[in-house]
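The GDP binding site annotation in Swiss-Prot covers 21, 22, 23, 24, 25, 26, 124, 125, 127, 155, 156, and the record cites experimental evidence as its basis. Per Swiss-Prot, the feature GTP binding site maps to 21-26, 38-40, 42-43, 69, 124-125, 127, 155-156. Per Swiss-Prot, Mg(2+) binding site is recorded for 25, 43, 66. Taken from Swiss-Prot, the feature S-geranylgeranyl cysteine applies to 213, 215, supported by similarity to another entry. Taken from Swiss-Prot, the feature N-acetylalanine covers 2, and the record attributes it to experimental evidence. The cysteine methyl ester annotation in Swiss-Prot covers 215 and is backed by similarity to another entry. According to Swiss-Prot, the region 'Disordered' annotation covers 188-215. For 42-47, the entry in Swiss-Prot reads motif 'Switch 1'. The feature motif 'Switch 2' is assigned by Swiss-Prot to 68-77.
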């Protein structure tokens, strides 16, 4: 039997959501490139990144869709929620308005993804402690009340960026193992052992507009 030309067993689709300027694209760039881009133009539409990680001995390719935070792009970016296995919902710990808008982002995520989508709340810019406008405790309480994973991170220093993507992947993989995530479901957001480079559900999305590393 021919061996599939892949060095991973699963593909997980992620989306990154949240207000404009919270650092979504900077988190993605830090995770995929191990670099911080200080001056990122805002994302126009959707951007895309990938990286292979390991969870419980399994190689997993993350396909990550970074969505624009501006209201005028919401209709476009909502189409990318479909079939997401994981969602990273980001706010800026120094801007309370971005935290106050989380309920709206969460409503979209709940309504447009499958019931088993793993959502992790990320308080970005943890390196700016002196400018903090949202406490760790209140964000943690919001996460607990809504059944979300939670951590604070810094796209600038790299603090907890790796953990944000990995913790979501661990939970998704756990859901696969315990049977709560049906890999045969069209909206699972997971592919197991793909057999062709462009085959399957996860690469059927429209091509994103790539306009630099927007925050």
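Cβ coordinates are placed from backbone N, Cα and C, and glycine is handled just like the others.
On the structure: features taken from Swiss-Prot.
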residue : record              : DSSP (3 states)
21      : GDP binding site    : coil
66      : Mg(2+) binding site : strand
124     : GDP binding site    : strand
155     : GTP binding site    : coil
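Minimal Cβ crowding within 10 Å, among the binding-site residues 24, 156, is found at 156. Across the fold, the C-alpha of residue 23 (GDP binding site) and the C-alpha of residue 66 (Mg(2+) binding site) stand 10 Å from each other. Rounded to the nearest whole angstrom, the C-alpha distance between residue 127 (GDP binding site) and residue 66 (Mg(2+) binding site) is 22. Across the residues annotated as binding GDP (21, 22, 23, 24, 25, 26, 124, 125, 127, 155, 156), the widest Cα-Cα separation comes to 17 Å. Its Cβ placed at the centre, residue 155 (GTP binding site) has 30 other Cβ atoms within 10 Å. Take the CB of residue 66 (Mg(2+) binding site) and look out to 10 A: across all protein chains shown you find 30 other CB atoms.
The two recorded residues residue 155 (GTP binding site) and residue 66 (Mg(2+) binding site) have their Cα atoms spaced 14 Å from each other. Around residue 21 (GDP binding site), taking its Cβ as the centre, 15 other Cβ atoms fall within 10 Å, counting all chains. Here the Cβ of residue 25 (GDP binding site) has 26 other Cβ atoms within 10 Å, regardless of which shown protein chain they belong to. In sequence order, the binding-site residues near residue 66 (Mg(2+) binding site) (Cα within 10 Å of its Cα) are 24, drawn from 21, 24, 124, 156. Mean pLDDT across the motif 'Switch 1' (42-47) comes to 56 in this model.
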